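Taken from TrEMBL as is:
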- 13-443: domain 'Myosin motor' (DOMAIN)
- G106, E107, S108, G109, A110, G111, K112, T113: ATP binding site (BINDING)
Amino acid sequence: MVYHWQSQNVKVSGVDDMVLLPKVSEEAIVENLRKRYMDDYIFTCIGPVLVSINPFKQMPYFGEKEIEIYQGAAPYENPPHIYGLADEMYRNMLIDNESQCVIISGESGAGKTVAAKYIMSYVARVSSGGERVQRVKDVILESNPLLEAFGNAKTVRNNNSSRFGKYVEMRFDAGGQPSGGKLSNFLLEKSRVTCHNSGERNFHIFYQLATGANSQMKSEFGLMELDYYNYLKYGGNHKVDGTNDARDFQDTLKALRVMAIKDTETTDILRLVAGVLHIGNIHFIEKGNYSQVADKDYLDFPAFLLGISPEQLSHKLTSREFESKWGSQSESVDVTLNVEQSLFARDALAKDIYARIFDFLVKRINAAMETTQEEFEIGILDIYGFEIFNKNGFEQFCINFVNEKLQQIFIELTLKAEQHHSQKHLLFQATMRQNSNINQLTH
């Protein structure tokens, strides 16, 4: 008997592919998805499109047996699965000698990042190769926990929400063996470093460091309890169900080693992360219409961690340098800030340091995956989902605008392309009604 992950479930639950629905309507689609979801069928096809519904629990069909079932199988030989999509991409790349791309879209908390990880792990598993290729696979897979530590956070809808967008290129040689890769990141939510909504958390790495650091690190970085840091107070509860920050910190350290980041460099990275936390505890008072640091004791440790003097840090937070020019002459002038401006300067410094840490990690990941042997690639786009909070910033505008653009691309590639193909081959001449979002993108 051939093993099948749904062999225990003999109940017919809707249809695998919704193009087979007797009547295609919004109500029929929703009802089909509901039926399948209630029976733990989280994947459903719409032609070449795979619909995935987040089950918010561990599912039993992502193991080695499932990989064997879908490896090399025909698209409709097995029920819909993310492994089936990944296998089809990989085989199409080899057969057609053409690069592939998958766009993963959906609302925040829909499970996009998990789907991207399953695609990468599947392709890494089924592609062959020796020791050098295994090194490439390790780097690609270990980049996930590293990026999640520094780029993910708990939100009201998702305990492990990606707060940045990424496009991962898995590169292959002519034989289909992984030869390297490249990661492009964009739209890191820097504002989360200094402020986040109630019920949410800052980036995972802050909690991992504070709870998972050994005694030497805690002493060297001046680490205290989580409630001590202003930048971690906004969300309320620091705990996340099902998350062990101390254990995850060890996974982060392992990922840093896989990226060939030296122990001294890791110490420098974590020192800066701790420095960001300490910067948030610097406060200001007004004296003579100008700001000054309220308690200079709070300057010492962040200055030490940043490798500058307390006086230099105080000067940068309470004044701003302007350069005035007249003719060929120029002069630098220091303008003293008020309390509000100093708080803004403090937060801007913390956000900039963190963004540079993140960019450095992406650079090192790319260096570890760099290759000169590239024939084809599989691209995986994983970006924030559409989101609306009680308090929305410029980041939410950018995120939602990008999602509207992706929706427009989907309309172009599926509905309009399918209609053009049908009309070209005289299958039908009727025009399909489409809910285009072009007005949202042009006004």
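Using N, Cα and C of the backbone, Cβ positions are placed for all residues, glycine too.
Known features from TrEMBL, placed on the structure.
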residue	record	Cβ within 10 Å
G106	ATP binding site	18
E107	ATP binding site	16
S108	ATP binding site	20
G109	ATP binding site	17
A110	ATP binding site	18
G111	ATP binding site	20
K112	ATP binding site	24
T113	ATP binding site	23
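T113 (ATP binding site) falls within a helical segment according to DSSP.
In the three-state DSSP scheme, G106 (ATP binding site) is classed as coil.
A Cβ within 8 Å of the Cβ centre of G106, E107, S108, G109, A110, G111, K112, T113, the residues given for ATP, is found for these other residues of the same chain: N54, N158, G385.
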